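J.: Not my notes, these are from TrEMBL:
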type	residues	note
ACT_SITE	GLU206	active site
BINDING	CYS65, HIS205, HIS209, HIS215, MET223	Zn(2+) 2 binding site
BINDING	HIS155, ASP157, HIS172, HIS182	Zn(2+) 1 binding site
BINDING	GLU187	Ca(2+) 1 binding site
REGION	64-92	region 'Disordered'
REPEAT	290-334	repeat 'Hemopexin'
REPEAT	335-381	repeat 'Hemopexin'
REPEAT	428-475	repeat 'Hemopexin'
Amino acid sequence: LSCTFPVFFSQLFLEKYGYFSEPGPGTHSPAEFTEALRDFQRVTHLPPSGVLDAPTLRQMALPRCGTDDGESRAAGPRRASPARRRRRTAQHGGRWYKRHLRYRVVNWPSYLPQHEVRLAVRAAFELWSNVSSLLFWEAQDGPADIRLTFFHGDHNDGLNNAFDGPGGALAHAFFPRRGEAHFDSAERWSLHSGKGRNLFIVVAHEVGHTLGLEHSPVKSALMSPYYKKLSKDFVLSWDDILAVQNLYGKPSKGSAIQLPGKVFTHFQDWNTDLYGRDRQQRSLSTYYCHSFFDAITTDGDHNLYIFKGSHYWVVSESGNASDPRPLQPRWPGLPAGIDACAWSQLSGKFYFFKGGRCWRYAGSKLEAGFPRKCSALGLPRHPDTALYFQQLRRLVLFKGPKYFVVGEEPLGAEPYYPRSLRDWAGLPPGTAGALTHRDGSVYFFRDDQYWKFDQAKLQVVASGKWAAQLAWMGCWDANSEQVLF
Ligand SMILES: [Zn+2]
Ligand SMILES: [Zn+2]
C-alpha cells in the first residue's frame, strides 16, 4: 500500500473502530485493508466495493461515536474470524447484575445551564428505563455506577481514545461494568434541535453503551454509530428496544413507553406528552415512587403534594396516592418543573419558586402582584427546597450550602441571612424538598433518600430510603410488586 494521506487516515480510522484484528498502522496487508474497508462499507450501507473511494472517505469524516463498531459488523454476510471474536468478547458484551443504577454528571460545558443539562441527562436515562426493567437515580455527588464526564483531547484512557476537536468522534463510552461515558469538550453542545450537537441524543446513545449495547447496523437505530439530529420521529428503534430488553427484560409495570423525538425538544413539557398519551403505561398513581420529584409539601389536612414536571400527586393521610393531576386548573399560571414549593401554616397559602420568580396562591387564586421577581427580595434563584418552619413561623429556603429565612408579610429575606447549612446538623446540601410531618419532625428528600430532622434537638436523627421506609409516602403497594429497594 502506498501511504498517501487518505490511505493512512483510513487505516487509522479502521483500526480505531475495530476493523482490524491486529493492531499497528502499516502492518496490514492489502487484502486485510480491502476486507476491512468492505466491512465498514457494509455497516454504513455503502456499496461494499473494498475500494477507498470518495463516498467512503466522506463517510469516515462524519461526526460519530468514538466507541468501536465491534460486533455490529457481524450482521454482514461475512462472519468475524474466531481470532477477532475472541478479541471482541474481552471488550464487548457484559451487563449489570442489578436493575437499580446510580448515575452522576461529573461536569458539563459552562455555557449550558446546569438545570437543563440535568433534565436532558435524566430524559436520556428515562428513554432506556421506559422500555426496560432498569431504574436510574441521579447521584449529585459521591459514588455512582455510571459517570458522565467532559474531556479535552487526551484524557488518560489511551491515545486511541484521545478526543479530536470539533467533529469526528463526539463521545465514547465503556461497556459494563466500567460505567464511564466521555464527551468531547471541544464540540459545540446544545440542548435544542437547532445548531450544535444535541447533548440529549449523544448522552442517550452513550448510556446505551454503558448498559452493554453495541453499535447497531440498523440505520434508524439510536445505537447506530453515526450522529443523528434530534428528529420528530421516535428516538428508539425496535432494534434498540430489543437490544436493551435482551439484557434486562421488559418494564416491570405495564408495557414499554415509547416517546417520539419531539417530546425531547422541550424538556420542561415532556411529562405533559407522556401523560397525554392514550396508552398502557406504568401505574401512574405510583410513578413518583420510582422517580425523582421536583418539590413536596403538606397542607393543613396532612395531605402530601408531590410535584414532578407539569403534574402533581396528592397522598392522603391514609397513604393513598391520587393519579397525577395537571398543575394548571389547580394553580392557574404555574409553570411546569418548579424548583420548590411550601404551604404556609401561618397564612394557609401555597408558595412556588422557579428560577428567580415566585408565585403565591390563596386556594386556586394567584395573588395580585404575582409572579414576582423574588430574587430581587433577597431570595435565592433556583432554591433547592422550600419549607414552612413552625419554630420560626417563617418560610425557609435552602440553596446549596446555605439557607434563607423568609418573612411572608412583607415577603423578603430576613436580615443576617443566608447562613450556613451547618445550622441544620446532619443535613446534606441539594435536597429536592421538605415537609413538616404530623409526627412533628421535618423530613427532607433527595433522590431516593430521606433525612428526618428533629425540631427540638435541631439535628438529623434518622435517614433512609423514603419509598421503602415511609409508609405515608404512599409507595408500599408499588414496592410490594418488585424487590428493588
Ligand atoms: Zn456508540
Ligand atoms: Zn475517554
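Cβ atoms here come from the backbone N, Cα and C positions, even for glycine.
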J.: Listing them in sequence order, which of the recorded positions HIS155, HIS172, GLU187, GLU206 have their Cα within 10 Å of that of MET223 (Zn(2+) 2 binding site)?
T.: GLU206
J.: Out of CYS65, HIS155, ASP157, HIS172, HIS182, GLU187, which binding-site residues lie by ligand 1, with a C-beta less than 6 Å from some atom of it?
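T.: Among the binding-site residues listed, those whose Cβ sits under 6 Å from ligand 1 are CYS65.
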J.: ASP157, HIS182, HIS205, GLU206, HIS209, MET223: which of these recorded positions put a Cβ within less than 6 Å of any ligand 2 atom?
T.: ASP157, HIS182
J.: Measuring Cα to Cα, how many angstrom lie between HIS172 (Zn(2+) 1 binding site) and HIS209 (Zn(2+) 2 binding site)?
T.: 8
J.: Have a look at the recorded positions (ASP157, GLU206) and report the one with the fewest Cβ neighbours inside 10 Å.
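T.: Result for the recorded positions ASP157, GLU206: minimum number of other Cβ atoms within 10 Å at ASP157.
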J.: Across all the protein chains here, work out how many other Cβ atoms are within 10 Å of the Cβ of HIS205 (Zn(2+) 2 binding site).
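T.: Taking all protein chains shown, HIS205 (Zn(2+) 2 binding site) has 29 Cβ neighbours within 10 Å.
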J.: List only the single closest residue to the residue listed as 'active site', chosen from the binding-site residues CYS65, HIS155, ASP157, GLU187, HIS215 by CA-CA distance.
T.: CYS65
J.: Mind looking up the mean pLDDT for the repeat 'Hemopexin' (428-475) in the predicted model?
T.: 92
